[in-house]
Structure formats: C-alpha cells, structure tokens
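**Q** Below, the features straight out of Swiss-Prot:
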BINDING   Glu172, Arg218, His457, Arg498  L-aspartate binding site
BINDING   Arg218, Asp219, Glu220, Gln227, Glu491, Gly543, Leu544, Asp545, Arg546  ATP binding site
REGION    196-199  region 'Aspartate'
SITE      His30  site 'Important for tRNA non-discrimination'
SITE      Gly81  site 'Important for tRNA non-discrimination'
Amino acid sequence: MRTNYCGLISEQYLGQTVTVKGWVHRRRDHGGVIFIDLRDREGIVQVVIDPDTPEAFAAADSARNEYVLGITGRVRNRPEGTTNDKMISGKIEILAKEIEVLNAAATPPFQIDDENISENVRLTNRVIDLRRPVMQRNLRLRYQVAMGVRRYLDAQGFIDIETPMLTRSTPEGARDYLVPSRVHPGEFFALPQSPQLFKQLLMVAGFDRYYQITKCFRDEDLRADRQPEFTQIDLETSFLNEDEIMDITEGMAKQVFKDALNVDLGDFPRMPYSEAMFYYGSDKPDMRINLKFTELTDLMKTEEFKVFRGAADMKGGRVVALRVPNGAKFSRKEIDEYTKFVGIYGAKGLAYIKVNDAGNLSNGEDSGLQSPIVKFLSENALKEIIERTAAQNGDIIFFGADKAKVVNEAVGALRIKVGLEHGKDNGYFTDEWKPLWVVDFPMFEYDEEADRYVAVHHPFTAPKEGHEDLMVSDPANCLARAYDMVLNGWEIGGGSIRIHRADVQGKVFAALKISPEEQQEKFGFLLDNLKFGAPPHGGLAFGLDRLVTLMTGAESIRDVIAFPKTQRAQCLLTDAPNSVDDKQLRELSLRLRQKAVETKEA
C-alpha cells in the first residue's frame, strides 16, 4: 500500500520506511549503484538501489523510462553537495529495500522532460504529454480555480443547477452543433452555445442565484484562444443591478487569484467602451502597455495628403497616431515587419515619422522629422501632430488611416506587439496584473453584409436606462447595460442586465428585424414565460479555459485543457470527428450528399 506521494517526502520522514508508486522519470547507473527518479503527480523523489538488495537491484536494473514501479525503502539524507533546494524532496532520498515492477512501458514518443515537441505530436500522444510536469501543474491549477469559484459562489448563496445539453437551435451568433434525433426523424437538437435562456428562465422560476461550471459549444472558425467546446463559469442573479453583480464577480476574481496564485488584484477601474475604442482601439485594452492613440481625423480633413485626407473624409473613417517612446531607433527591417503585421488586419500600409529634432518641424529637406510622408503634410499639421502626441526627440509616431474598424484593429494590434516587444526596456510596459471593467457598450452594431443592425452581445441584453426609445429612433447610439471583465488584454468574463419584460424584448427583436412570427417560433418559450412575473435579473459568464491560460502563462488555451481540439476542430488522440456507417445514418433518417474527405492534420 502506498504511504506517500513522491514529491511530498521531506526531511520530516527521515529514518521512516515509506512506500511510493509512480513512473521512472530517469534511471542512472553509477558504478554499480542505480539511481531512479520516481515521478508521480506531486513530483519526483530520488531512489537509491545498491547490490546489497539483489532482488530490488535486479528489478531496478531492468527498469526503463516510464516503467511503473512500487518501491519500499528508508528515507535518508542525500550526500552533501547533491541536494536540490527547489524540490520538497530535494534534501532526501529513499534507500530501496523492495521494488515491484507494476508494469513495463514501451519507449515513449518523446521524453517527458523534452520541451521542444511539436504541438501535433503532443496532441496525438496526449496521454504521454499529460505526464509532463508543466501539464500536471496547469490542470491542477485549473482544478484549484474551479474549486475556488464553487466555494466563493456557495458562500454568496448561489445554487449549482444543471441546464440541458440537448436543446433547440436558436441564433446566438455562431453556428450550432446539431444533433439529429432518431425518435423525431428530420428534426435536430443543438448543443448549447451557452445556458443563456435557461438561466433566465431559472430566474423567472424564482431560484434567485444560480451558477454552474458547464460545457458550451460553438461551431466557429478557431483562433488561439478558442475551442469548439469550452468551459464556462456561468451565473445569474435576480434583483441586483450591474454595480452589485460586478462587485460580486470582482470579489470572486480577487479571491481566486489570491487563493491560487497569492496575487492581490486590487480594485478594478471602470472604462466606458467609447473611451476604450478611442484610446486603445479595443474593447479589451491591455493596460500594462502605456501607449495610447491620438485622434487626428479632424486635423487631416484640411490636409492635401490623399492617404490621410481620404480616410478623414470617408464615412466611418478614422486617422490616428501612436507615439512610441525611443522608437526612432527602430530599423527599416523592423518597420517593414510592423507594416506586414498590420496588413493582417486589413491596413494598406504603415506610415511613420521619426522625431529626431522636435525643435525643427519644417517639411523641407532640413526637417527634424524623418519620414517619406513629411513633405506631404503642412508645417501646421506637423506641429499639431507633435503637440497632440507630446512626442519627444528619439520617438517614432505610427499612423493608421482607413475605416475605423481597420484602424482600430490594426493599430490596436500594433500597440500590443510593440508594447510587449519593447515596452519593458523603454518604460511603457508594466509586468503586473491589470484588471478593469469595460462598460456602456453599444446595444447594436451595423452589419453591412446583412444590411441591418445586430446585437453586440446578444438580443436579451437590456438597454441602458433612458435609451429604450433609441432602439428604434437611433440604434447606433443606444447603449446597453453590459459589462466585460478584462485582464491584461483578454476578456475573461462578460455579462449584462437582461430584459425581464416581454414587451421590451419584443422591441429589441423588432429593432433587429426579427418578425413577430420568427420571435414566437424561436423564442416563444422565453417570451411566454417573461409574462408570468419575471424579476429584474442579470448575470455574467467567465471563460474558465481563458482564465486559466492567463493564470498559468500558457502559450495556448490547449495547454490548460486535458483533451483539446486542434485549430481545425479535430482530436488527434481519438481521430475525431470520424465517419459513421450507413446503418447509423439510416437510423437517423440521414443520407450524406458528400462522403467524408480526408482533412486530418499530419
């Protein structure tokens, strides 16, 4: 019977006989004495086997990496000069008396301590990959976060209630994962994109405070921080306003960080959405980076430089500057790389001015400003740019000029890239946790392809008080009672006060050009129940995967999920998705128009 975990044996066990079980992490033969580093989920302990115990020695001699062993022996001090203060077990070793080979192991596809493994190899051999200490630490922290959330919400009076995994398909932005019904031929369930409507119905039912940690599913194009199935910390509460909900969830985030990382997050400042977009080009600004946009649209309306003037005059156009301290030393190669980078976001180029002498702002050949565009701008404009940006000698000023969406995304991404690459050495990056709330989101945004307004969050978000009439008369300026929790440039949680009156919900649907017939067909179960005395309610959902990725510093969200999908929504371990036989399809009343094609990742 095991008495101790390997990684938890310390000097307090000196002289005691212990039994440990785990995997051979490393085996070394030193002049007739065999050393085995035995590993389990808690860490590694060094085991010494000498020829005086012939049976144990023979077992150790036959063992190889990843063999599963049970070892009984006496705990003793390591010899002087061989200790490792970074490990709990670093000052002791076990002198083995008995060794039982519990299982042999084939040679693994990579060494457990190898850090240079391609992600595809890791995901194909995920079980072996999960043995690596970094993956064990990541998933242990994930567990600690989830348990911390449960403890906090339980103490706040929230009730854990499960909502259905098989539900009806409703439009919430992304495509649904559909599940054909065998019992009802030609009809489909959908896997939930979120428990949104069910948690609102739980409030109507009178449960007051609900939460669950649940799986959600979205069939969308994947990015580094997205998975087709993901885990959400979901909560909803009745009779509280947005300030009260933000206070509760902010307290939860602080408690989780304190318990898991011993980090004090401090207070969360609040920033209106309009301010976030104006200064940072993003609704999730990374406040570790002390760089801001400077608005130049008004200034460029009177300039002759076509690139800037055209953007300033176009409907929805924008011209901004981004001053980077000490950036004049950027090489031509670096600027070319940044130009290529902003092109990913639709920018057609990247204009810049290097400030060599802010006292000489002419646009002639002797100018203290170095740039191909200086000669196209008036001296008044150059002076105004320097004043507005507060540029100093040695700075560089980058420019974005295009539709506001392109400028915000391109220059916003450039701000992050430059800040992370050069900010620490030049005083505009602070390596600490920087949380905030982004509030006062627009209720709607215009979708040019669909030629109509769509909901920024979802169509169940309540308009800000006094903005209800704007839903019809001026939807572009209608604000929502929505709020996002942002941490170091990541949205880790988003929520809103919901619509609790059926008539107001109908107005929102009308503003979104959803007909009464479509409203009833898709959302009748919600509208019908809102009529039975629905309380004011609101909530928030955290992305657990994203939160743990931030807390661990993992490179990818896939490093904090036990069995993730690739960016092509495949599981390389199980080879899913896979084709099914015709009998299964017939039982579901389905016939494929196109057979499966080979798209598996190599």
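Cβ from N, Cα, C; glycine included.
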**Q** When the pLDDT values for the region 'Aspartate' (196-199) are averaged, what is the result?
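**A** The average pLDDT of the model in the region 'Aspartate' (196-199) works out to 96.
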**Q** Counting Cβ neighbours within 10 Å across all chains shown, tell me which of the binding-site residues Glu220, Glu491 comes out on top.
**A** Glu491
**Q** Restricting to the same chain and to residues at least six past its boundaries, which positions have a Cβ under 8 Å from a Cβ of the region 'Aspartate' (196-199)?
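**A** Residues 163-164, 167, 170, 172, 210, 234-236, 458, 460, 523, 525-526, 539 contact the region 'Aspartate' (196-199) from elsewhere in the chain.
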**Q** Of the residues in the region 'Aspartate' (196-199), how many are helix, strand and coil by DSSP?
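**A** The region 'Aspartate' (196-199) comes out at 4 helix, 0 strand, 0 coil.
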**Q** Between the two most separated Cα atoms in Arg218, Asp219, Glu220, Gln227, Glu491, Gly543, Leu544, Asp545, Arg546, the residues recorded as binding ATP, what distance in Å do you get?
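**A** Output for ATP binders Arg218, Asp219, Glu220, Gln227, Glu491, Gly543, Leu544, Asp545, Arg546: max Cα distance 20 Å.
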**Q** Using C-alpha positions only, work out which of the recorded positions His30, His457, Arg498 is nearest to Glu220 (ATP binding site).
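**A** Comparing Cα positions, the candidate nearest Glu220 (ATP binding site) turns out to be His457.
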**Q** Near the Cβ of Arg546 (ATP binding site), how many other Cβ atoms are there if near means within 10 Å?
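**A** For Arg546 (ATP binding site), the 10 Å Cβ neighbour count is 22.
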**Q** Out of His30, Gly81, Glu491, Leu544, Arg546, give those recorded positions positioned within 10 angstroms of Arg218 (L-aspartate binding site), comparing C-alpha atoms, in sequence order.
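**A** Within 10 Å of Arg218 (L-aspartate binding site): none of them.
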**Q** If we check Cα distances from Arg546 (ATP binding site), which of the recorded positions His30, His457, Arg498 wins as closest?
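**A** Nearest by Cα distance to Arg546 (ATP binding site): His457.
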**Q** Helix, strand or coil for Glu220 (ATP binding site)? Use DSSP.
**A** coil
